[in-house]
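**Q** Feature list, courtesy of TrEMBL:
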type    : residues : note
ZN_FING : 103-155  : zinc finger
DOMAIN  : 103-155  : domain 'TRAF-type'
ZN_FING : 157-208  : zinc finger
DOMAIN  : 157-208  : domain 'TRAF-type'
ZN_FING : 210-268  : zinc finger
DOMAIN  : 210-268  : domain 'TRAF-type'
DOMAIN  : 308-457  : domain 'MATH'
Amino acid sequence: MVRSLAQWTKTLSFPARISPKTSKESVNIHQVSPTITPTLSNNSLTKNNDFGMNNNNNSSLNEVNQIYSDPESEKAIMSSVVYCIHHKEGCKWSDELRKLKGHLNTCKHDAIPCTSKCGAQIPRVLMEDHLKYTCPQRRTRCEFCNKEFTGHALENHCGNCGYEPLYCENKCGIKVQRRHLSPHKAADCSKRLIPCRYCAKEFVADTLAAHHLKCGRVPIQCPNRCDASVLAREELETHIKEECTISVHSCSFKEAGCRFKGSKKTMEKHLEESCQQHLSLMCGVVSKQQHQINSLKSALSRLSLNYSGTLIWKISDFAGKMGEAKNKEGMELVSPPFYTSQYGYKLQASLFPNGNGAGEDSHISVYIKILPGEYDALLRWPFAHSVSFTLFDQSSCPEKACNIVESFIPDPTWKNFQRPSLEPDSLGFGFPKFVSHEMLKKRHFMKDDTMFIRVKVDPSKIVAV
Ligand SMILES: [Zn+2]
Ligand SMILES: [Zn+2]
Ligand SMILES: [Zn+2]
Ligand SMILES: [Zn+2]
Ligand SMILES: [Zn+2]
Ligand SMILES: [Zn+2]
Ligand SMILES: [Zn+2]
């Protein structure tokens with residue numbers, strides 16, 4: 001059976017490490033100090049020492065002989081098969097106990113003191129790396145300044161070496177040695193901030209030239225070569241407009257037609273002397289604008305014209321209009337004009353609140369007038385469409401509403417239906433007794449002092465309803 005040395009370590013030590021005193025006093029292996037464990041802390045066990053252990057082999061064997069006085073049992077114990085004491089760390093070695101010491105000299109898992117005497121315990125397997133890269137006692141050179149340091153000193157030097165190339169913190173993209181970094185940032189870096197010498201605002205160095213091209217404080221000369229001293233660029237416009245004694249201006253009545261041009265001084269004189277001329281120029285402008293306003297107005301009314309053949313005429317403030325009509329004989333309200341179709345007859349409704357003719361003082365009277373329209377030359381005359389007037393009952397319940405409707409078919413002999421002249425008749429055709437004043441108060445014909453009358457022209461109906 002193969003036993004792990006862990007089972008041995010409490011009682012077993014290696015012959016080489018048992019002091020002669022102890023060994024003399026004790027022949028019983030169970031009395032060997034349990035604190036002496038099979039680690040190779042003994043300095044004699046180093047590579048540099050050329051396996052000094054082996055040099056002691058003879059004395060060790062003597063000691064063993066003294067301990068194990070019985071050569072038979074000694075032989076038996078030394079022939080026991082054990083694992084390496086570094087079995088748990090991964091050493092696969094296993095052999096007779098007598099060969100363990102030899103193995104430990106080469107066991108890669110066995111820690112020995114650093115050969116450069118830095119004090120660290122280093123597994124043999126890592127010693128080479130340790131001596132090369134991590135031992136504080138190693139001799140090494142700074143890769144940047146090439147000076148020699150111990151490993152420990154290099155750690156302090158690292159991060160401070162003046163020769164280490166670093167990227168400039170301003171992100172200008174340039175690498176400079178640490179010792180040159182400050183001068184670079186102060187004097188050469190294209191990304192350093194420097195103040196514009198004209199406006200004193202700070203700019204990144206490589207944008208300063210572009211800024212100078214438009215900096216408002218850059219000094220320039222007046223292009224008119226006037227006697228003004230040097231100006232800042234941003235002041236030039238005001239200078240030329242308001243101060244420059246040489247720059248030439250157009251008269252402020254230029255738009256009205258004055259062609260005078262002159263310096264600031266002569267302009268003052270011109271304005272004084274040309275009041276009459278400027279005034280008549282302005283009169284011309286005003287009358288021209290009046291014409292424009294009129295044509296815009298008619299264009300606007302053409303755009304807002306109703307071409308549907310149906311007019312819903314809203315008459316608000318009716319009580320006031322009725323009061324006015326009672327005091328003023330023949331007071332007539334007229335609707336906006338409307339067309340029977342896009343190229344049809346142009347019509348207009350009129351209403352007498354206090355009645356007209358047979359309905360005077362008792363009814364409201366409604367009429368339709370034919371106005372001279374744009375397309376009269378192309379239309380059939382006399383006008384023959386049926387026309388209906390509807391006074392709406394504005395009841396909130398539409399089923400209960402009861403409108404008043406009157407309609408007529410034009411009499412072709414009636415002169416009102418002939419093609420109108422440019423001065424239309426003041427009276428149209430309609431119903432002098434459309435709705436009595438009494439009736440107007442009933443139902444909901446008036447609501448919020450407002451009435452709605454629909455005037456509908458229907459070319460298809462012979463009998464209008
Ligand atoms: Zn081993
Ligand atoms: Zn070391
Ligand atoms: Zn260095
Ligand atoms: Zn830089
Ligand atoms: Zn500037
Ligand atoms: Zn000037
Ligand atoms: Zn003028």
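Every residue gets a Cβ built from N, Cα and C, even glycine.
Fair warning: this is a prediction, and the values are worked out from it, not measured in the lab.
Give me the structural setting of these features: burial, nearby parts and distances.
**A** In this model, the zinc finger (103-155) carries an average pLDDT of 86.
Helix, strand and coil counts from DSSP across the domain 'MATH' (308-457) read 27 helix, 54 strand, 69 coil.
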**Q** Using DSSP, how many residues of the zinc finger (157-208) fall into helix, strand and coil, respectively?
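**A** Computed counts for the zinc finger (157-208) are 16 helix, 12 strand, 24 coil.
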**Q** Please list the DSSP helix, strand and coil residue counts for the zinc finger (103-155).
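**A** Result for the zinc finger (103-155), in helix, strand, coil order: 20 helix, 12 strand, 21 coil.
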